[in-house]
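In what follows, a structure is listed as structure tokens, so that the remarks can point back to it.
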Amino acid sequence: MLRHLLRHENNKVFVLILLYCVLVSILKLCTAQPDSSVAATDNDITHLGDDCQVTPVIHVLQYPGCVPKPIPSFACVGRCASYIQVSGSKIWQMERSCMCCQESGEREAAVSLFCPKVKPGERKFKKVLTKAPLECMCRPCTSIEESGIIPQEIAGYSDEGPLNNHFRRIALQ
């Protein structure tokens, strides 16, 4: 399969970036050590177990009528401490802290998708903008207004489309 991908000049850069992402992931796994620097006390449980990192992924860009294009990208993956406890000053109240692994800054890229089934006079390449996180960190989870959420069935993406298998994780064995 690698030989097939390397036949085309455009794919060589993609394969090199993909191999780089795999090597970075392997290095992260091999050099990862348990975090013994976190000393949890009864009053300090806010960062216990935080592990939020930028992770290489393959992002499949899709647009109706165009050939899907896998590109190397990044995503925020990990876990962040969340807790609920009795308030220290008001014992009849509870203190809550919900943290989520989220991006802190993002990068944007323009990618051209090949669209073979266009009408005469239309361009065969569609420019698509994509975003990826610059860095990741544990931040307070934000709520999303329900009115802004469109169910996949209504949007027409239940079986196919850009929301289905949007990111694929690189499998390391």
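The count begins at 1 with the first shown residue.
Each Cβ is built from the backbone N, Cα and C atoms, and glycine gets one as well.
Listed in Swiss-Prot for this protein:
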- CYS52-CYS101: disulfide bond (DISULFID)
- CYS66-CYS115: disulfide bond (DISULFID)
- CYS76-CYS136: disulfide bond (DISULFID)
- CYS80-CYS138: disulfide bond (DISULFID)
- CYS98-CYS141: disulfide bond (DISULFID)
- 52-142: domain 'CTCK' (DOMAIN)
- 1-32: signal peptide (SIGNAL)
Other C-beta atoms that fall within 10 angstroms of the C-beta of CYS80 (disulfide bond): 23
Closest of CYS52, CYS76, CYS80, CYS115 to CYS141 (disulfide bond), Cα positions, disulfide-bonded residues only: CYS80
Average model confidence [pLDDT] within the domain 'CTCK' (52-142): 90
Distance, CYS101 (disulfide bond) to CYS76 (disulfide bond) (CA atoms, angstrom): 6
Pairwise CA distance, CYS52 (disulfide bond) versus CYS136 (disulfide bond), rounded so that it is a whole Å: 6
The domain 'CTCK' (52-142) - residue tally per DSSP class, helix then strand then coil: 0 helix, 57 strand, 34 coil
Protein Cβ atoms within 10 Å of CYS101 (disulfide bond), excluding its own: 21
Rounded Cα-Cα span from CYS80 (disulfide bond) to CYS98 (disulfide bond), Å: 8
Winner by Cβ contact number (other Cβ atoms within 10 Å) across the disulfide-bonded residues CYS76, CYS115: CYS76
CYS80 (disulfide bond) versus CYS136 (disulfide bond) - Cα distance in angstrom: 11
Alpha-carbon distance [CYS138 (disulfide bond); CYS101 (disulfide bond)] in Å: 5
